[in-house]
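Colleague: Okay, so TrEMBL annotates it like this:
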type	residues	note
DOMAIN	23-108	domain 'Acylphosphatase-like'
ACT_SITE	38	active site
ACT_SITE	56	active site
DOMAIN	205-403	domain 'YrdC-like'
């Protein structure tokens, strides 16, 4: 690994270190803009009595320092970095003295952005929180205060480098006091670009009294947040929660909750120390927690054992809780139990992306919210709240957006700049720049005009932000995906990457895995090169190619895509395979079309084959009478997971035959189980079967690294059990950590595979490049 600090010098230059005076030029790359880094450098230079300058540039931050203590300055540079700052690379060049200087100054930024980047939006810091509730502070009660260590960043920045004039705060000229703070090196707001106060900054449309009165009376509010509008109501009020469900046309999909502090959350959910740390993290994500009781409405997450909680992350959130608490004095109340818990969910019509524009909010949210609360600062980039859960003692993303985007994923090597456009569900896009991959925030399912517009908006935004011109477009194999058609109609070379190869490559890229690796991809659907709907795949793969070693036993998908929304159809398909066709009508007599379904499956009418593990979860859930019809994606699997108490393994519950893993013995056993017994048996046996299957191929191929990816790994139990079994077999399992294992992560895998194929082409490794299509199964 290259050293962090790289010093460029020759013999003549090196001698200046030993003299009384020396001068050095430093080029620093990393997260060094928008984090108080230049003020930090300024103060450090003053401490060491140095002259010179510092400036935001396209590469990050460039500075020159001169004086007797330059070497000590360089040594101490990384010791007390601002909390949000990160130095990835420091290049030092010893240069000639400048005898015309007599001070150290901060220069205006250079207007380009070849390499620079800024941190994500971060929650309000403790210092600002104290000012928010200090009657003697000029920021008392101001809902938009911030400093160099907190507040909006990516959501308000149009382009780099990060200066006020490049953000939506340029509409708010600084008042005299804020101007003084901004230019005072000793002030926490020295060069804090979004800084403002009640005299010169954004203003809220409604009073806090009015907002709280509405919440307490059971009303639904749409409140403009950091990255978009949020729908808010009292989470203890059944009538308010049911009204929100009805108006948002969200029958049972769980809502996220916000509580004032950990003390309050601890009364409602089981919170480990790791989960407490996640909740309190500066990114302030939603964290899934096991619930203890029914303090909040039972309509928050019907049928589920987990609740998604987050803590307040903006001054406005804290002011709402302050008013709900009765406007207590001081700050001690911030760490005391408060019975109020709020539903805080994305403001949008069902299926549409998050609303972030004021004019759209007035149109789209008027039928959902009783009141719309806004402010007059423009949101440049919309960002949903991020969602995380702990699996096998590791945080796993369910949704990655606010608080984490635009942090890049480090790649093992420099790559050509490519734009990967993701899939259809949970779409994200990815742009590579040198050895970094920038994966966008959650975009959503590309099934309507509004989300497609968000897709286009995000691509334009990310490319502008990074100041790159992608040379290639990378897309999924599915010919009907909008993202595929978009890529194929651009005036750039387009490269197709198989869906599950992309799933696995994403994990390999973030872990810097090289060579041939085993990969297990388990999800709901991915277009196979044989035209089948894949989703339970075992691959041998690398960063360019893959070979399909095997799959779950294929089953019919009665009704095609309809089967994903009606899990009883997958249960019927399993019953057909078990030669129990007569039970289809007995078990599902209330479902439309049950009498004809066996014949439909037998003839294969609109019943394509699938190897999907996700549909196997659906079948199990329906066979156990948990979810015959799904209201939202993943509901059947989530209700099945909620029944698990202690996973069990059914001996003889699977058969390894040729290249198939046959789980029909397990599915047959479920017919005689209660929901709890069946859920325990399904999870335990599936994990053991998959591990045995993987171990068989690992020994055969003498490979011990196994990548696990796909939406099924968002399940709480499957990855934990499978990882433990793999470790018992002496295998090295790798899971997604930087991105979700679902389709939200495949844009990274597409980018990594596509870029490596381009690199291979430029190396004239043409034979390999042309052989990237799979062989259906490995016959050795």
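Cβ from N, Cα, C; glycine included.
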Colleague: What are the sequence-distant neighbours of residue 56 (active site), meaning same chain, six or more residues apart, C-beta distance under 8 angstroms?
Modeller: 33, 38, 109, 110, 116, 161, 162, 163
Colleague: According to DSSP, which of helix, strand or coil covers residue 56 (active site)?
Modeller: strand
Colleague: Could you give the mean pLDDT over the domain 'YrdC-like' (205-403), rounded to a whole number?
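Modeller: The predicted confidence over the domain 'YrdC-like' (205-403), as a mean pLDDT, is 97.
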Colleague: Just to be sure I understand, if DSSP states are collapsed into helix, strand and coil, how many residues of the domain 'Acylphosphatase-like' (23-108) fall in each?
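Modeller: The composition, in the requested order, is 18 helix, 37 strand, 31 coil.
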